There are 2 protein chains.
Amino acid sequence: MRFTFLGTSAGTPTRRRNVTGLALSCDESRDWYLVDCGEATQHQLLASPYSLAKLRAIFITHVHGDHCYGLPGLIASANMSGRTAPLTICAPDGIEQFIRAAFLYTDISELRFPLEFVRSDATEFHFEDAQVAVTATALSHRVPCFAYRFEERPPRHLLEEKLDTRAVPRGPLWNQLQRGEDVTLDDGRVVPASEMTADAWPPRSIIVGGDNDRPELLEDAMRRSQVLVHEATFSEDVLAKVGPKYMHSTAAMVAKSAARSELPNLLLTHFSQRYRLGDGDHVEHSIEDLRREAQQHYTGTLFMAKDLETYQILRDGKVVPLTG
Amino acid sequence: MRFTFLGTSAGTPTRRRNVTGLALSCDESRDWYLVDCGEATQHQLLASPYSLAKLRAIFITHVHGDHCYGLPGLIASANMSGRTAPLTICAPDGIEQFIRAAFLYTDISELRFPLEFVRSDATEFHFEDAQVAVTATALSHRVPCFAYRFEERPPRHLLEEKLDTRAVPRGPLWNQLQRGEDVTLDDGRVVPASEMTADAWPPRSIIVGGDNDRPELLEDAMRRSQVLVHEATFSEDVLAKVGPKYMHSTAAMVAKSAARSELPNLLLTHFSQRYRLGDGDHVEHSIEDLRREAQQHYTGTLFMAKDLETYQILRDGKVVPLTG
């Protein structure tokens, strides 16, 4: 699995960082998923390998503009580029209305592809396709906000010993089982695919959080995942000054929760625009300050997200940056 | 007067060109005006000298997304940056509804500054402040669409001979007249400022058009203006292939109208994304092709717009690019 940060700035863009968006794909597949879609997400995609034609689904964490104002333009561009495949949008209440209103008032009466809306604030929310299974966890923010946990669905390999024990003849029936279809033998016995196959490798999973001032809400999910991408809008000293009203996390808060959950890989993002990429005397607030704050509480693998940086989750669950 | 192209691509952004937006200001003033606001206009502004705090008014040509999807984000960012000055938005029907719906569904219940909407599709539309007077001309497009003509309001200088003839005493009364206020003399005579002062230089004017397949609609306005910024989405050969349904102009169509109107300065923009910045064998469609097409019909000063390029209209009406 790999993922690319399309924006790492909280609230407003800066000259070098866009507002929130993250692209996620499964290994070699060109199909991909988008989590959040701040303004100019489609612009960032032009500088990435992800194609609008191959976008399978969009997941929006919450209705704040820096997480969703890129939706009308991205969908309109997909439409103009001739996309016909359906597009699923999983989002809390408000996002479907926002998109429909945008199209109503801007002369888009019909798209060339169906938009399928799924309410991610519904208790039974669950998204699944051939590649991933996605669930949501409610967070704590000024509006309903969610984290999405993506678990990959690895290819299944055949358990040959079991097939021999059950005397399933090699050939088309094995292929059928590998595709996940149960088979019926000549003697009438039904052989379920789930028992005759196993994941080719342990499924990897990643949580991508929205805005949240209680990272501990994700500890259960973290214990079952290799990776967390979470906001760290402020450092502790800045939070002490601005106060809790914006309902964001500090680097320390997230680091402590990740440490308690024994999470192996933590990626911090959504930095207030006051934090600069550089370090040194001329920079009052630096993203390096946030890194140092997190490192005081967390000894796992830690990355500070940068726009257009891509990371790979290896099959053993390690996370490595991909260069170039 | 000076103006900066914030985007020059039609419909969708490309890697090197954003969708439509143009910033306009009067000489030394830091106050400025925005014409159209495609997605990521606020991002382009971060790379320009224009500040959201000094934006006086926005003029939207029509409701298509590549001309207005940047509005919610730009206004939200102005709000987050602490702006309190009122902001006027002149636009046809639909834009106010789009903005209000965007804010309704994305948790913006109140801004820190008043938004004042003016319907530019009203027959009596007229905008005026201390710096500019703006009128609109209806164009021909798939939705109601307008060109905006900005005429500067130069400082007034005193006509000393006339003041002496009318025996207006030097001092405070002269200052009052220069500020445009009529004065009443001790003997009861009223002296109107309009008769005692004149423009310090002939007012410059620029037309910024929206999407339009009938540039001849602007010929009257062109005869009274120094500069036209107009779309040239296609070349003649491409229009012949795609057909007239998109209702856009070719470079030749605009050039012919400008020539007929004896317009001194023409700037073409809003190029279909198929046109590339480069030239040469490896580029099938180049913006240089559009330039050559226009030059066949127009011998005035011609520029092909580039993102973030700034032009100055000199006091004599000449247009020159500003470098750096």
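Placement of Cβ uses the backbone N, Cα and C atoms for every residue, glycine included.
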> Out of B:D211, B:D220, B:D237, B:D289, which is the one TrEMBL records at the Zn(2+) 1 site of B:H62, B:H64, B:H141?
Replying inline: B:D211
> Hey, TrEMBL has Zn(2+) 2 bound by B:D66, B:H67, B:D211. Any idea which of B:H126, B:H270, B:H282 it lists too?
Replying inline: B:H270
> Which ones, of the binding-site residues B:H64, B:H67, B:D211, B:H270, are Cβ-proximal to chain A (under 8 Å)?
Replying inline: B:H64
>> Counting other Cβ atoms within 10 Å of each residue's Cβ, which of the binding-site residues B:H62, B:H64, B:H67, B:H141, B:H270 comes out lowest?
In response: B:H141
>> I'd like to know the mean pLDDT over the domain 'Metallo-beta-lactamase' (B:32-150).
In response: 97
>> With an 8 Å cut-off on Cβ distance to the B:H62, B:H64, B:H141, B:D211 Cβ center, who else from the chain surrounds the Zn(2+) 1 site?
In response: B:T61, B:V63, B:H67, B:L139, B:R142, B:V143, B:C145, B:G210, B:N212, B:M247
> From the centroid of the CB atoms of B:D66, B:H67, B:D211, B:H270, the recorded Zn(2+) 2 site, which same-chain residues not already listed sit within 8 A by their CB, in sequence order?
Replying inline: B:A10, B:G11, B:V19, B:T20, B:D36, B:G38, B:T61, B:H62, B:H64, B:G210, B:E231
> Quick one: DSSP breakdown of the domain 'Metallo-beta-lactamase' (B:32-150) into helix, strand and coil?
Replying inline: 34 helix, 35 strand, 50 coil
> How long is the line from the C-alpha of B:D66 (active site, proton acceptor) to the C-alpha of B:H270 (Zn(2+) 2 binding site), rounded to the nearest angstrom?
Replying inline: 10
